[in-house]
Amino acid sequence: MTDRKVALISGVTGQDGAYLAELLLDEGYIVHGIKRRSSSFNTQRIEHIYQERHDPEARFFLHYGDMTDSTNLLRIVQQTQPHEIYNLAAQSHVQVSFETPEYTANADAIGTLRMLEAIRILGLIHRTRFYQASTSELYGLAQEIPQNEKTPFYPRSPYAAAKLYAYWIVVNYREAYGMHASNGILFNHESPLRGETFVTRKITRAAAAISLGKQEVLYLGNLDAQRDWGHAREYVRGMWMMCQQDRPGDYVLATGVTTSVRTFVEWAFEETGMTIEWVGEGIEERGIDAATGKCVVAVDPRYFRPTEVDLLLGDATKARQVLGWRHETSVRDLACEMVREDLSYLRGTRQ
């Protein structure tokens, strides 16, 4: 056990944290995860890999923590002495960041600084490698298409602004202290583990529910927003690859293919056997079930962002050339996988 690498994951109960923990355990790591104390259980994504800590074979351990508590983070890093830290924890919902901008900055921006400072204060600069979950939202009002590691940033939300600070403080600690610290600028990545407040999961869950008669209408904001969507399982492998390099760096992970929310909706409903036809314009536009004539998709202005990000498209050339990373799952296959999982869940047949 003592010869195994040790990893610490903040945000372990989220989509990426769950897939990453699974990957690291498969690679032979001892994995420590940080989870927040919550009023409801939020560990369902990792229950299948959790082991009782008294089990002599246990390699996965959970610690209560919070990115807003520096002494807590310092204690966890000191206790675990990780070879690699994956900082995935964040208030990661763009719309919510407009409602909780101060908390978002505290957790996402200063939280990253707290983790870096823990490494520095504990004298782990030459032992611990650091991965920071950056985001394509940094590009915001995109200055060029596609976006790569050299594209100027133009954040358009409190979330993106907080992540911009986190990005640059990682670069600063890398240059100032020689820390092996890397930013993964990940474009949108989804999966059946995606939270239901995110648009892709909202769409697939609604398509499944409507097809089963459990929901009437799916309400969305900007149907023409375009995103570069990939599969989260493939993206967490890219995170791990960054920490295996001799030299740290910043990498875009993306598919290089853009898809509109509208098209994602059509694919999701197609997987349930429904065909969507669009009528009307602007906020009056509706998606109609071609077979029944019923409205199943409608626009709700409340879901429009105060400052919209219309088009994000990533260029992952550097990741392909340096890391050997590639995406494999098409966005259509991803949408279908998510719908099938939601159908199984709603029917009560999910394993």
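Any Cβ shown, glycine's included, is placed from N, Cα and C.
The active site annotation in Swiss-Prot covers Thr135, and the record cites sequence analysis as its basis. Within 10 Å of the C-beta atom of Thr135 (active site) sit 25 other C-beta atoms, taking all shown protein chains into account.
Around Glu137 (active site, nucleophile), the C-beta neighbours below 8 angstroms that are at least 6 residues distant in the chain are Val94, Pro155, Arg156, Ser157, Tyr159, Ala160, Lys163, Val309, Leu312. Taken from Swiss-Prot, the feature active site, nucleophile applies to Glu137 (among others), supported by sequence analysis.
Its own atom aside, the Cβ of Tyr159 (active site, nucleophile) has 27 Cβ atoms within 10 angstroms in the protein chains shown. If you look up Swiss-Prot, you'll see Tyr159 (among others) marked as active site, nucleophile, on the strength of sequence analysis.
Residues or ranges marked as NADP(+) binding site in Swiss-Prot (evidence: sequence analysis): 11-16, 66-67, 88-92, Tyr103, Lys163, His189, Arg194. All chains included, 18 other C-beta atoms sit within 10 angstroms of the C-beta of Asp66 (NADP(+) binding site). Under the three-state DSSP scheme, Asp66 (NADP(+) binding site) falls in the coil class.
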Helix, strand or coil for Gly11 (NADP(+) binding site)? Use DSSP. coil
Could you state the whole-number distance in Å separating the C-alpha atoms of His189 (NADP(+) binding site) and Thr135 (active site)? 10
Between Ser92 (NADP(+) binding site) and Thr135 (active site), how far is it from one CA atom to the other, in Å? 10
Reduce the DSSP letter at His189 (NADP(+) binding site) to three states and note it down. strand
